[in-house]
Each structure stands twice: as structure tokens, then as C-alpha cells.
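Shown next, in C-alpha cells, is the structure this report addresses.
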Amino acid sequence: MATTTSSLSSSSSSSSSSSSSSPLSSWREGMSSDNIKGLCLALSSSFFIGASFIVKKKGLKKAGSSGLRAGSGGYSYLYEPLWWVGMITMIVGEIANFAAYAFAPAILVTPLGALSIIISAALAHIILRERLHLFGILGCVLCVVGSTTIVLHAPQEREIESVREVWDLAMEPAFLFYAALIITAAFVLIFHFIPLYGQTHILVYIGVCSLIGSLSVMSVKALGIAIKLTLSGMNQLIYPQTWAFTLVVVVCVLTQMNYLNKALDTFNTAVVSPIYYTMFTTLTILASVIMFKDWDRQSPTQVITEICGFVTILSGTFLLHKTKDMTDGHGMQSSLSSVRLPKHSEEDGQDDVEGIPLTLRRQDSMRDS
């Protein structure tokens, strides 16, 4: 009887210990070592990129005070050291982001950019005096919750042994159609809509950045895989596909940088960051699903959970944007396109106090007199 009792107790204790450790073991099985490396790199990237938005904005404002603003086609910010500090900070963040794509799928890496929104919004509140509403903090929390959901259900990285495999994926009809559609839309925005609406509609500049950005991420991932394989002993520099992806990365990044500078100089930083993140992440996930077929290796439950996590992030960014409008005294605007920089209002003589324009306050003072 004693032997039976002890065996029963030992079996029950072992079963309880195995059941208690099952969530941890299942999480470890879900997160490979490569995914964990990509996660850490993506988090560090978000910190650097979020801070760079604020430093670059300070540089753009300083350069605009003594020369032609970037939003008006000027490039005086290139002579401003503070802008270059922000640019170097962004480059460091992009390098970390670049490395993250070499280890983890885009569905895992890209949504973590929500952390850069939180950082840029918080720093804009402290440094640029762009006030963050209480509901904006709730928006930040939603971004964190959505990012965590995606991280816990992200797909495993696809096993690729040559950059030529990535090239074959990019040459499939579905992705070629997507790339042609993106390039056409970007050209229409650049040559038709920007001259007409660039200074008044925030989605025009950010649209170009997001469209081109989805292609740059796919090329960055391909180039990152080539470098990772080369460092592991399988030289990928001998293949022309590696250099083709490099050329695409250079062209796309330069285009993104140019139009992102225009957006930052024309519109509020706390508005540019979440809208850019939303559009860029949506298009990047779509491009990754088409090119690398990330969702083909997942169950419907995992896919739906990832979509819910992404919708949660979008809700957070939307809340950040709307509460920023509220704090500026402009109300809940019906369109994202009409949000302008507070500094332009100040330059035009509209010094708002508690949301009341200067012209209205002058009329009130005249009535009192």
C-alpha cells in the first residue's frame, strides 16, 4: 500500500509539474531562437526610431527658421547638425530593424513599430510641447497589448538557404502584380496629388512613404537573409539577385526619407507617427503574406488572433490621433487630411489659448471695450 501510495503521489506530482510547465514550454516552442533574436532587435529599433522622430523634428524646425522649410521644397536641414543627430539615431534604429528582418518574419517585426509611436508621442509631449491627452495614454496601452498578442502568435521564420529562393518568391505572379500596383499608385501620388494636396492632406506624403516602404521591407529582408547566409559561410554576394535587392533598398529608402521629411515638417509629429505606422505596417504585412506566404504555415486561429492584435494596435493609433486633435482645440475632425502643425498657426498669428483662436479673442476684447 505504501508503495502504491508513493507511486500515485509521484505520478500526480509529475503530472501537475508537467501541466504547470506546459504554457512555458509551449511558448518556447512557439518562439524559436531566431524569432527571439528578431524580437530583441525590433524592440531596440523602436526605441531609436521613436527618439529620432523628435530629434529630426527639432532640427527641421531650427533649419526652417533660417531657411526654406522642407515642406516647401527646401533642403536647408541638411546643414543643421541636430537633424543629422536625429538621422544617425534613425539609421541605428533601421540597422537594428534590418537585422531583425533577417531573423524573424515581417508579421512579427513590423507591428512592433508601435513602440516607436509611444516613444515619439511621449517625447513630443515633453520636448516639443505637443500635448498628449489622457486617452492618448490609453492608445499607447492598446498598442502594447496588440503588439504582445502578435508576438505570442507570430509564425516561424521560413527556412531559406539561398537569396535565389527569395528572388523566385518575388518573381511569382501574385507579388509581381502587387509590386506593379504599388509603384503605379506611388507615381500617381508623387506627380499628381502632391503638387495639389501635399501641404494640406497628410495622407499624400505618408501614402508615398508607406507604399514604397512595403517594397523596401521585402528587399531589406532579402538582403538581410543574404548577409546572414554569407556570414554563416554560404557566400551570397556572388549572385546578381543580392545586388538587385540592394539597389531596390537604396532607391526605396531614399524616397521614403525624402517624403517623410516633408510630412514631419508640414504636419504634427504625434499625428505623422501613428498614421505612418498604420499604413506602413498594413501594407508591409500584406506584402509579406503575398511574397513569403506567412499565413500558409499557420492555423486559422493563429491568423485570426494576429489580425485581432493588429486591429488593437490600429485602435490605439487611431485613439492617439483623435485625442491629439482634441488637445489642440480643433475638435474631433472628420478627416485626417486637415491636421496642420501648431507652429504654422502661431506663425500666421493664431496663438491659441485653451483652443480659442486669437482673432476670436480680439473680437471679444473689442466687445468688452
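Using N, Cα and C of the backbone, Cβ positions are placed for all residues, glycine too.
As recorded in TrEMBL:
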| type | residues | note |
| --- | --- | --- |
| REGION | 1-24 | region 'Disordered' |
| REGION | 330-369 | region 'Disordered' |
| TRANSMEM | 36-55 | transmembrane segment |
| TRANSMEM | 76-96 | transmembrane segment |
| TRANSMEM | 102-127 | transmembrane segment |
| TRANSMEM | 134-155 | transmembrane segment |
| TRANSMEM | 175-195 | transmembrane segment |
| TRANSMEM | 202-226 | transmembrane segment |
| TRANSMEM | 238-259 | transmembrane segment |
| TRANSMEM | 271-291 | transmembrane segment |
| TRANSMEM | 303-320 | transmembrane segment |
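Touching of the transmembrane segment (271-291) and the transmembrane segment (102-127) is concluded from the presence of at least three CB pairs under 8 A, sequence neighbours closer than 6 excluded. At the 8 Å Cβ cutoff, the transmembrane segment (134-155) and the transmembrane segment (303-320) share at least 3 close pairs (sequence separation 6 or more) and count as touching.
Most Cβ pairs under 8 Å with the transmembrane segment (102-127) belong to 36-55, among the candidate stretches 36-55, 76-96, 202-226, 303-320.
Highest Cβ pair count under 8 Å relative to the transmembrane segment (36-55), across stretches 76-96, 202-226, 303-320: 76-96.
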